[in-house]
Amino acid sequence: MNLIIDIGNTTAKVALFNRSEMVEVLTESNQSLDSLEALCSKYRIERGIVATVVDLNERILAELAALPFPLLWLNHETPLPVGNLYETPETLGYDRIAAVVGANEQFPHNDILVIDAGTCITYEFIDSKGQYHGGNISPGMQMRYKALHQFTGRLPLIDSNGRKLPMGRDTETAIRAGVLKGMEYEISGYIEAMKHKYPELLVFLTGGDDFSFDSSVKSAIFADRFLVLKGLNRILNYNNGRI
């Protein structure tokens, strides 16, 4: 059994995999990993992988150090099951490459665009030969709401909970429509441009932000919330024997 620990900017995901099948996944604060003890008692875990985008506090470091099985700490020197053409691998976020690996595992002989809509929106491309070319980074949903509030004098800070109109009828709905429709059109534009260059392109969407697309775009997307976890599990399996 594999233990997958994915520590993000605000939350941590802890998942258990039996080979390539996800058995259980939990989400908790990135300040502690309270579920570890119970999971270790419940399952026979043989190895684990830790991927983090933040500096870990002493409590989490102690919890991880106490685990009775080897851990792989993902970094830019970790061997990957895909080629990496990124010019600065030391600056590449683990979640970006893990999502690509997760998509490639499912369709190893296809050109793939991976879109992760989280704190930022990231666009990653891996070709049909398993070569990761890189990608783009754009502001995420909450970042857009906060920027409109912080960099203007009078626009309020709102969120996506409320009336959603195609065209705003007041300031609140105008901001909400601008953010949500802006994201929709941006993502649709990326897909259209990439499909023009790679006609057989597959598109994966992952991440925590939910938003709608028109039917023609939606039908062309594989939605997979656990793509990063699946990619981390594949990286761990690929490195079995190296830890």
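Just so you know, glycine gets a Cβ as well, placed from its N, Cα and C.
Listed in Swiss-Prot for this protein:
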ACT_SITE  D95  active site, proton acceptor
BINDING   D6, I7, G8, N9, T10, T11, A12, K13, T119  ATP binding site
BINDING   Y86, G93, Y94, D95, R96, T171  substrate binding site
BINDING   D116  K(+) binding site
Candidates T10, T119, T171: member of the binding-site residues with the richest Cβ shell (10 Å):
T119
How big is the substrate site in terms of the longest C-alpha to C-alpha distance among Y86, G93, Y94, D95, R96, T171, in angstrom?
41
Between R96 (substrate binding site) and the residue listed as 'K(+) binding site', how many Å separate their Cα atoms?
8
Greatest C-beta neighbour count within 10 angstroms, which of the binding-site residues G8, G93:
G8
Separation of alpha carbons, G93 (substrate binding site) and D116 (K(+) binding site) (Å):
12
Tell me which of the binding-site residues T10, A12, T119 ends up closest to G93 (substrate binding site) in space, Cα to Cα.
T119
Y94 (substrate binding site): tally of other CB atoms within 10 A of its CB:
24
Using Cβ-Cβ distances, find the residues under 8 Å from Y86 (substrate binding site) that belong to the same chain and are at least 6 apart in sequence, listing them in sequence order.
L92, I97, Y132, G134
